[in-house]
Amino acid sequence: MAYTNKVTISAAVATMMLFLAVTIVDAQSMPPMPKFNPVCALADLPNIVQLCYFNLDLTPSEECCNDLKSSSTIQVNCLCDNFIAHPSNGNISQARYDLVNSACGVADKFACKGGDASGGSTNKIAASMVLLGLVASLFF
């Protein structure tokens, strides 16, 4: 009669049952995460958003307006794609964006309507190449 280790077999069966249970059970559906452009991680967005839009003053500060006026094309595209065109990403209303942008005189610069305007049309292939270059520079 062959010797079988019951502990090993029972551990293997328990592990198999655990994996089957995980695959059979339906996962809770999570709300879709916004697609974040990797180039936007390099743009200094948190400071601009915090300084200008999370502040509840009726008139934006001079520093806020200067930051908005001197923001680069990448920053404008990232703000349009991730915050202004989708206000639910930052829990800031569209009226707040409009108020701050109008008060600072940059309403035309930040005029993006859900991605159909010219703002926010970042080239995805170029962004992925930049990310690939950054990752490759870490290894070589």
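Heads up, the Cβ atoms here are built off N, Cα and C, so glycines get one too.
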**Request:** Name the residue from Cys65, Cys78, Cys80, Cys112 that Swiss-Prot records as disulfide-bonded to Cys104.
**Result:** Cys65
**Prompt:** Just checking the recorded positions Cys40, Cys78, Asn91, Cys112: which sit within 10 A of Cys65 (disulfide bond), CA to CA?
**Reply:** none
**Most crowded position, judged by CB atoms within 10 A, among Cys52, Cys64 as disulfide-bonded residues** = Cys52
